[in-house]
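The structure under discussion appears below in the form of structure tokens.
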Amino acid sequence: MQLQYVLDNFMSLFIGGLVFGSLYALVALGYTMVYGVLQLINFAHSEVFMFGTFATVWALYLIGADATTTGLALVGSLAFAMVIAMIISGGVALLLERVAYRPLLKRGAPRLVALISAIGASFVLSEIMGLRGPIMAALGLDDEFDRYVASSRENVGMPLDRTPTVQFEILGHGVTNRDIIIVVSAVLMMVLVDQFVRRTRIGRGIRAVAQDPETSSLMGVNSTRVIQVTFLIGGLLAGAAATLYMLQVGITRYNAGFLLGVKAFTAAVLGGIGNLRGALLGGLVLGVAENLGAGLFGSEWREVVAFAVLVLVLLFRPTGLLGESLGKARA
Amino acid sequence: MSRSTTNWRTAGLLAAAGIALAACGTTGGGTEGEGTDDGEGGGDCVGVIAYIGPLTGPSANLGINIVNGSNLALEQFQEANPDCDVTLEEFDSQGDPAAASPLVSEIVGNADIIGVVGPTFSGETAATGDVFAEAGLVTVSPSATNPDLALNGWDTFHRVIGNDATQAPAVASYLTGTANAEGVFVVDDSSEYGAGLGAGVVESLGDLVVGTESIQVGQTDMGPVVTAVNASGADSLYFAGYYAEASVLANQLRSGGWEGLFMSGDGTLDPAFVEAAGGAAEGAVLTCPCAPADEEFAAAYEASAGQAPGTYSTEGFDATNVLLQGILDGNTDRPSLLEWVNSYDAEGITKHITFDETGEVADVVVYQYPVEGGEIQVGVPIEQ
């Protein structure tokens, strides 16, 4: 127990937790929306995120951004990378829905089968990324794309200079521009999605399918389209989270999605799976709790604290903090 | 109740023992049969050497460095002794103790294999040492550096590299002597290797240590560690772990505003560290009991493997050579080759090689490799 240390560095740990928590929240939204509509845990969502991290790096390679890029060019390259990452992640999510889920659901397969399919798809996606070098070599393209596929199983770093600058201080801890960018853009995107689901026509369709798929299709809702849109939104947000993650962490690997995926899924359950606002709350609570826990007991206790918090919350609120499903969300 | 449980347990144990005995019987018979075949078929200079360690997976680079060194040793051996028929079989453990165990059973069960180069990492060595010792199959590791490994009483265990206990004092004398550090933060990765090395460094530095943290292998968010390092006021940091996490840590320390000296050990001594950490690796100093390659070796290695030698390439070469010389000397079964290695005494390319009773190599030098201009420079011995 290092209470004095935690008190002295509270803001630093707290803000670090908020930053990671908002990344968890963005990814958690993908889990929670798919669960809300299909009652299916999309375990391959972590790989959708992982593809986004690589798309971010590749987009920066493509436009030749490097450590010397500064100012407006830096902001522009990051924005470009985020758009590309969102497109790639969205595309992977759609592909996943088309290949791994739709054929199963169409034939009325049990949810358990779809779950196994999800786990399988997760391995396939991760290994494709880990084997991209040999795959390109087999196609004879490895020389052309050397920078993109070299040492496929190693860490790949962000080519930019990501050193943040302190903008202002809270209780002696400097808040950097990077912290602000990550937290603000994550929260903003989540608010947008929340409003989209609550206010638009497609959003109403999503809620209808979540409540009762059969009745809603009798009422003329195209449930295939709704499911597609749900996967797409989850993918787009995972792509955005991937760029923000690369801004914060700076390094990715073919299996980088796994741990973050587990955390994001935990955040979704913590907030109440199927609940959009719950995903945001769950992500932030999880991020802050594990950072403070790491400060209090040492880094090696980080995961223990995170999951102890989950168990405690579920003991008292079995449906999570906000515990309301997507279908029951008020318009 | 408890009594009947005990009875069941006894019965279970008996059954297990029976199965084990039966299994032993089968294996023993097989071994004898194949041994006779070899005696009739080949000449005096015949044998199979196994390599076990990572060839794929997150730590593949180190294993590939070793296996390329081994292959070079074998090529040179075959050129010099065309009558000999020695082959190298590669077993890919991915550096994972759980994956190594079944492979080791396979190696031990193959009577043709009379010597082993490896295992590569301390974790897999600890997990499999008993099996090798029981089978009397000699192992020469180029890279497993956890000090405790030599204390298990395994007669078969040898390493051609100084252990972490020798690395730690060298780290301390570099930090105090050359770097003039006033406060050192020590981070380990909770692995068999990292925890051992980290504890050694903490002990050698004594009062200079201003804080310690443990991370997990595969961790990507080092936020709490960065906070702790910044809060501790440390001017130097030593990371005991492998390059995958080292690059993440260095990267986040730098972008978290920490400007001290980043040091790490042999697990980080790999170009992949510099590649992934980018600018954050600049100025880092990596320590290693492994010797840099001289020009002659580097040229031969490059011609053979198609890439420049890396960490443990020279040790891989030396470890393999110890076994090859034994086979050349006519030690073509497991007991005689083990005997040969135990009494080995000759010059290698990294150091003079002779082992003490526990399997430790007698001659140990620790080198420091600075990272400058985006590349790991040639190592310099640390004076102690």
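Cβ atoms are placed via backbone N, Cα and C, with glycine included.
Per TrEMBL, transmembrane segment is recorded for A:12-36, A:48-65, A:71-96, A:108-126, A:180-197, A:226-248, A:304-323.
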One stretch in A:12-36, A:71-96, A:180-197, A:304-323 has more Cβ pairs under 8 Å to the transmembrane segment (A:48-65) than the rest, namely A:71-96
Residues of the parent chain within Cβ reach of the transmembrane segment (A:71-96), under 8 Å, 6 or more residues beyond its termini = 30, 42, 44-45, 47-49, 51-60, 62-63, 65, 121, 125, 160-161, 228, 231-232, 234-236, 238-240, 242-244, 246-247
For the transmembrane segment (A:12-36), sequence-distant contacts whose Cβ falls under 8 Å of one of its Cβ atoms, 6 or more beyond its ends = 6, 42, 45-46, 48-49, 93, 170, 173, 175, 178-179, 182-183, 186-187, 189-190, 193, 206, 210, 230-231, 233-235, 237-238, 240-241, 244-245, 248, 260-261, 263-268, 271, 273-276, 278-280, 282-292, 294-295, 325-327
Determine which residues of the chain contact the transmembrane segment (A:226-248) at the Cβ level, with the cut-off under 8 Å and only residues 6 or more beyond its ends counted.
-> 19-20, 22-23, 26-27, 29-31, 33-34, 36-38, 42, 45, 48-53, 55-57, 78, 81-82, 85-94, 96-97, 101-102, 158, 162, 178, 181-182, 185-186, 189-190, 193, 196, 202, 205-206, 208-209, 260
Per the Cβ filter (under 8 Å) with a sequence gap of at least 6 from its ends, the transmembrane segment (A:108-126) is approached by 38-44, 46-48, 50-51, 92, 96, 99-101, 254-255, 257-258
